[in-house]
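Straight from Swiss-Prot, the features:
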type	residues	note
DOMAIN	4-122	domain 'VOC'
BINDING	His7, His69, Glu118	Mn(2+) binding site
ACT_SITE	Glu44	active site, proton acceptor
Amino acid sequence: MISGLSHITLIVKDLNKTTTFLREIFNAEEIYSSGDQTFSLSKEKFFLIAGLWICIMEGDSLQEQTYNHIAFRIQSEEVDEYIERIKSLGVEIKPERPRVEGEGRSIYFYDFDNHLFELHAGTLEERLKRYHE
């Protein structure tokens, strides 16, 4: 029986650059670094973001950008603060897309390896309520 999400692994070219990205934007807590050892496919680091285990492993970047993404929930009053955090790292923020009223704002941005992230100021319940009106 599935009891929840275990972890998410992202393959990245530069572990240190991605560490800065995760810490500065998501307040990620680094809980493990393999250093020069390899226990899995390559060098790796583990982080906690809001209790979620995120693993980054050294490897080739994604060749292209897609809409596949990981979304984290933030509060609506934090949107502008997060936009500034993201911009401070030189990361491009995608233009906001049109939203259904009541859906909540989102910030979409790619990391240095073409992984798309979303910071969303809304909940599933709010979205479903709006869609059923």
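Cβ coordinates are placed from backbone N, Cα and C, and glycine is handled just like the others.
Annotated features taken from Swiss-Prot, shown on the structure.
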| residue | record | DSSP (3 states) |
| --- | --- | --- |
| His7 | Mn(2+) binding site | strand |
| Glu44 | active site, proton acceptor | strand |
| His69 | Mn(2+) binding site | strand |
| Glu118 | Mn(2+) binding site | strand |
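In sequence order, Phe46, Leu52, Trp53, Ile54, Cys55 are the residues near His7 (Mn(2+) binding site), counting only same-chain partners six or more apart with C-beta under 8 A. In terms of local Cβ density within 10 Å, Glu44 ranks first among the recorded positions Glu44, His69, Glu118. Per-residue pLDDT, averaged across the domain 'VOC' (4-122), gives 92.
Cα spacing between His69 (Mn(2+) binding site) and Glu44 (active site, proton acceptor): 21 Å, rounded to the nearest whole number.
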